[in-house]
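Asks: In case it's useful when we look at the structure, here is the feature table from TrEMBL:
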DOMAIN    2-79  domain 'GST N-terminal'
DOMAIN    81-204  domain 'GST C-terminal'
């Protein structure tokens with residue numbers, strides 16, 4: 001029986017970073033993909049009415065970045081000092097800020113308002129955030145922090161397709177080749193590649 005049970009929708013979104021980390025850890029996990037039609041019934045079983053959700057030792061834990069950080073510490077991917085951990089957290093928070101800002105526009109139901117928000121963000125928000133992220137990753141030789149593999153790389157690689165969807169830039173890696181380097185660094189890890197090959201293509 002797998003120690004971990006991971007709950008998320010059948011897509012990448014906020015769940016794939018955790019799946020990649022669990023694959024890397026090689027402890028075995030049950031990948032429970034909740035169908036959208038089953039979500040209303042499942043929702044009350046979650047701590048905060050949301051997913052991702054990681055269950056082990058009789059407890060359930062929510063919040064994707066908290067789970068990723070925990071696994072990063074467990075698998076030796078969180079640096080060697082408090083300052084290392086701070087650098088990873090800082091840069092992961094930038095990634096998450098970009099995702100959250102893009103989600104505001106992407107999930108806007110009023111199409112006219114959505115168009116206005118994308119126009120505003122594409123002018124005043126996204127370019128600076130993307131440039132900052134590109135400088136960080138370039139400086140760290142294709143990594144999110146510390147110039148080496150950390151749990152931040154798994155967050156970025158697992159969330160990359162989702163980010164491109166939210167930003168409505170399906171070829172984002174063409175403008176920022178360093179972004180693709182992070183993805184390649186993670187997905188070329190044998191245990192991660194085995195997981196990804198077994199699952200096959202999935203939606204963002």
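Glycine residues also receive a Cβ, built from the backbone N, Cα and C atoms like all the rest.
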Asks: DSSP helix, strand and coil counts for the domain 'GST N-terminal' (2-79)?
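Replies: Across the domain 'GST N-terminal' (2-79), DSSP assigns the residues as follows: 31 helix, 20 strand, 27 coil.
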Asks: Taking helix as H, G and I and strand as E and B in DSSP, count the residues of the domain 'GST C-terminal' (81-204) in helix, strand and coil.
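Replies: Computed counts for the domain 'GST C-terminal' (81-204) are 95 helix, 0 strand, 29 coil.
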Asks: Determine the mean pLDDT over the domain 'GST N-terminal' (2-79), rounding to the nearest whole number.
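Replies: Here the mean pLDDT over the domain 'GST N-terminal' (2-79) amounts to 95.
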